[in-house]
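Enquirer: Pasting a structure here, questions to come.
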Amino acid sequence: KTSTRTRCAFEVAARDQGAGATYLEPSASQIGHKESIKDTARVLGRMYDAIEYRGFGQEIVEELAKYAGVPVFNGLTNEFHPTQMLADALTMREHSSKPLNQTAFAYVGDARYNMGNSLLILGAKLGMDVRIGAPESLWPSEGIIAAAHAAAKETGAKITLTENAHEAVKGVGFIHTDVWVSMGEPKEVWQERIDLLKDYRVTPELMAASGNPQVKFMHCLPAFHNRETKVGEWIYETFGLNGVEVTEEVFESPASIVFDQA
């Protein structure tokens with residue numbers, strides 16, 4: 001997949017540590033097209049000390065890791081976004097007076113993909129009070145939920161999944177969301193997703209429902225919070241929404257820590 005923040009973060013980190021970095025863009029690479037993942041892994045593993053992969057299927061990054069012979073970092077797949085979790089955990093720790101195992105956060109929106117899955121597992125592994133607020137049809141898979149509960153038994157984490165957005169955010173210190181339509185999905189799903197998720201928009205009212213005047217808003221970005229992008233303008237013209245998963249008022253408010261997070 002294409003990338004802005006993930007690519008820049010890895011390249012800056014590598015250079016800060018004195019390492020070199022090569023970027024293979026999707027349109028210029030033969031990975032999976034003329035050369036198998038297995039063969040690509042064995043070639044790149046002989047040239048590089050580590051590989052970061054950002055793409056669609058989790059099985060691809062796992063196959064790279066199996067055959068490369070060097071560390072492989074998951075920069076994002078459809079299922080997980082572990083490097084974003086490092087940033088999210090650090091950001092919550094920086095913006096809270098409590099340790100993470102005494103911190104509550106909620107994720108509201110479509111929770112079936114990488115951010116919903118990863119935040120649920122993150123919270124469970126760190127012993128946090130983690131809530132998912134979404135229609136049941138958009139909850140993480142049964143396997144992900146089971147893994148979260150298994151981790152919670154070891155850490156003392158509290159896991160809540162609810163269809164009530166206000167219930168999900170009550171008492172939390174942080175409210176997370178993400179885009180409602182993921183990269184690669186067709187435009188035709190927008191109407192269905194808006195109908196399902198209109199009550200899970202992060203608005204000033206939802207922030208206030210936390211009952212916490214210090215509650216913070218988080219989003220891994222990019223966000224559709226106004227009409228200043230081609231997609232944002234298309235959404236406004238087609239559906240009449242100025243801002244989708246989060247309103248401009250929340251995104252630009254003092255409660256928003258998305259740029260620290262990014």
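Note: Cβ is positioned from N, Cα and C throughout, glycine not excepted.
Pulled from Swiss-Prot, these are the listed features:
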type	residues	note
BINDING	3-7, Gln30, Arg54, 81-84, 219-222, Thr247	carbamoyl phosphate binding site
SITE	Glu94	site 'Important for structural integrity'
BINDING	Asn114, Asp178, Ser182, Met183	L-ornithine binding site
Enquirer: Counting Cβ neighbours within 10 Å across all chains shown, tell me which of the binding-site residues Ser3, Gln84, Asn114 comes out on top.
Expert: Gln84
Enquirer: Cα-Cα separation of Asp178 (L-ornithine binding site) and Ser3 (carbamoyl phosphate binding site), in Å?
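Expert: Roughly 16 Å, rounded to the nearest whole number.
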Enquirer: Ser3 (carbamoyl phosphate binding site) to Met183 (L-ornithine binding site): how many Å between their Cα atoms?
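Expert: Taking the Cα atoms only, Ser3 (carbamoyl phosphate binding site) lies 11 Å from Met183 (L-ornithine binding site).
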Enquirer: Determine, to the nearest whole angstrom, how far the Cα atom of Glu94 (site 'Important for structural integrity') is from the Cα atom of Pro222 (carbamoyl phosphate binding site).
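Expert: Answer for this pair: 22 Å between alpha carbons.
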Enquirer: Determine the most Cβ-crowded residue among the binding-site residues Met183, Cys220, using a 10 Å radius around each Cβ and all protein chains in the structure.
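Expert: By the 10 Å Cβ neighbour count, Cys220 comes out on top.
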Enquirer: Starting from the L-ornithine site formed by Asn114, Asp178, Ser182, Met183, give every other residue of that chain whose CB sits within 8 Å of the mean position of their CB atoms, in sequence order.
Expert: Leu76, Asn78, His81, Tyr113, Met115, Val179
Enquirer: Neighbour count, 10 Å Cβ-Cβ cut-off, for Pro82 (carbamoyl phosphate binding site): what number do you get?
Expert: 16
Enquirer: Given the binding-site residues Asn114, Ser182, Met183, tell me which ones have a C-alpha lying within 10 Å of the C-alpha of Pro82 (carbamoyl phosphate binding site).
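Expert: So the list is Asn114.
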Enquirer: What is the one among the recorded positions Glu94, Asp178 whose Cβ has the most other Cβ atoms less than or equal to 10 Å away?
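Expert: Answer returned by the neighbour count: Asp178.
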